[in-house]
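> Taken from TrEMBL, the feature domain 'Inhibitor I9' applies to 39-122. Per TrEMBL, domain 'Peptidase S8/S53' is recorded for 146-578. Summarising the annotation, TrEMBL assigns active site, charge relay system to ASP155, HIS226, SER542. TrEMBL lists 655-759 with the feature domain 'Subtilisin-like protease fibronectin type-III'.
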Amino acid sequence: MFKKKSFFSVLLNMANHITLCIWLLFFFISIISLAKSETYIIHMDFSAMPKAFSSHHNWYLTTLSSVSDSSTNYKDFLSSKLVYSYTNAIHGFSASLSPSELEAIKNSPGYVSSIKDISVKIDTTHTSQFLGLNSESGVWPTSEYGKDIIIGLVDTGIWPESKSYSDDGISEVPSRWKGECESGTEFNSSLCNKKLIGARYFNKGLLANNPNLNISMNSARDTDGHGTHTSSTAAGSYVEGASYFGYATGTAIGIAPKAHVAMYKALWEEGVYLSDVLAAIDQAITDGVDVLSLSLGIDAIPLHEDPVAIAAFAALEKGIFVSTSAGNEGPYYETLHNGTPWVLTVAAGTVDREFIGTLTLGNGVSVTGLSLYPGNSSSSESSIVYVECQDDKELQKNAHKFVVCLDKNDSVGEHVYNVRNSKVAGAVFITNTTDLEFYLQSEFPAVFLNLQEGDKVLEYIKSNSAPKGKLEFQVTHIGAKRAPEVATYSSRGPSPSCPSILKPDLMAPGALILASWPQQSPVTDVTSGKLFSNFNIISGTSMSCPHASGVAALLKGAHPEWSPAAIRSAMMTTSSALDNTQSPIRDIGSRNAAATPLAMGAGHIDPNKALDPGLIYDATPQDYVNLLCALNFTSKQIKTITRSSSYTCSNPSLDLNYPSFIGFFNGNSRESDPKRIQEFKRTVTNLQDGTSVYTANLTPMGKFKVSVVPEKLVFKEKYEKLSYKLRIEGPIVMDDNVVYGSLSWVETGGKYVVRSPIVATSIKVDPLTGHN
């Protein structure tokens, strides 16, 4: 039998239901509000922080709390809402904000400015956005994203199952294509499609030198990862949801995403031989590639003995653009390979993306630093202790704790090595060193703090009897200043093989680049074992080269009539010498001093400007032969390079029509020494319709006197050619090894600025010409 409810009970139940409904209404309103939130980067005036706050992190949390749409102060909620605090690049933070919260932030004390944080929508390598590529204007839509262009790569092979080689939306294979998809171990010809249109492998030279060698993967399949990474960087298709263990999450895309890919495997884990490389390039030329990307090189070989240089000349004659890597032997002078005059030589730079780790101390204060630790995104709280990390015994005493290492004398590399061989739970490295690229992907939980953030950690440890901390990872920051910078490892000129041509030519993204990776090849090791991923983050001029290759493919698609020299000229003369703070690009390998053209060439590549350069410096195969003749190569050596006797030495000239200048000056030259004056002749071709006028603008070069005759070029029609002379007069004694400046031809109205770097140096280069 049911008991009859009283009228009061009914009212009470109704009130409870109404309260619940009101609570649910506010809850859903809150959820809807959150759904409209977007991530923003907020710049703050650090000097405006009230003295009551112990850290900027707490100030930012309080600021967020004061503007929150929520009527309740959910501190834990706000902590998660704060993406992270910036300490190095900018003063400020990133947070998920509703429109009303963003407007309230703008009225908060200390607010400077805000931008939408594109990190939630970025492409994986991020380099396409960093290079200014977009679907609305510029070289992407003009070239139809590289449609119908074929990029060939000589590398370690390819992983065809990667989604980067999906042919959705890719045009049919060009009828001129003569290549094939070669079957082999674990590789069937059916794995090719409209994106991956060719896959061959070359190891006869390897086997000839090692007759009893058993090749583990005798096919074009990639077991190393390098070839998959470079080819997907140059021309990878769209892949959504790509990341490296939570870092750089977004949509993967190559520089020329609708171009076709052909892989020529000539680099083997069992060994690499020049004969195989030469055969691969030759086959690529025969097959009909438009762009050849070579993330490889040979050191200390004269041009006529360098198979890459020789095969590249053959490619040049066929109108094939060849892009090569500068090498990873920097920051020392004369370490560059691929200094061949008829190829593009690419240096490596950083991008405006940082990978962040956070250390939260027991007192609730959080500090942020750099980290690419690929293991668990968060650690459990552990004891944290300061240790002299150069002392192995001290590290062993503190096993299973977080150790704090203070770099007092550029010893961070030694600290990382010692910690790696210990049994500590994790490490916090405090260092003033900015060259941390190869330490970030640690095998153990680690974060790298600057001195300012590190002082907070040291003070906390000093003032607490039982200090504790917790590490968190997998945060990506877009928009870091300053970028780009020249990577330390990027090889420098002058070129030993051809010092009269300034190399490298330009710089492209090469530091911590995310691209596709073979699914069965480990990307890294951590203490728990090997880790596997469809994408990997690696660095080197091997990564910068395919970026330039992709840009060349876009330009060739937009301007099929351009010669390889014209494409290179457009890329060089429109490159930027300034970073994203509009200051001169810095060189990490020279303690962040301004980068010289011997490190970065003409500057950082700008694809959209290269689409319409105004003027170009063009050159024919005979022009390169004229240079070889002037360098006193023998007829036999020249024939080795050209493979023909049809070229003559009737007009030898060191004045190759190149978009850069380098002059060598004896530091001890006498007053009457004629070598104190060097002259260069150049010819430029007008690409604009009708009349156009360009005026010379020279930057100062210290004690060097630089002049141009004539100072004005007046073009009357498209494709008209005009010449000028540049003269460099040097002092009796150079104060520095390298002095540099630039010549810019500025079009009336300022639409076009055609810039060429100028270098004067006393570096004594022993040319590897090998001539008699």
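Placed from the backbone N, Cα and C atoms, the Cβ positions cover glycine too.
Since this is a predicted model, take the numbers as computed values, not measurements.
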> Looking only at ASP155, HIS226, the active-site residues on record, which one has the least crowded Cβ, with the fewest other Cβ atoms within 10 Å?
HIS226
> Could you put numbers on the helix, strand and coil content of the domain 'Subtilisin-like protease fibronectin type-III' (655-759), residue by residue per DSSP?
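The breakdown for the domain 'Subtilisin-like protease fibronectin type-III' (655-759) reads 3 helix, 58 strand, 44 coil.
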> Which chain-mates of SER542 (active site, charge relay system) that are at least 6 residues away have a CB under 8 A from its CB, listed by sequence?
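Same-chain residues close to SER542 (active site, charge relay system) (Cβ under 8 Å, separated by 6 or more) are HIS226, HIS229, THR230, SER295, LEU296, SER325, ASN328, GLY510.
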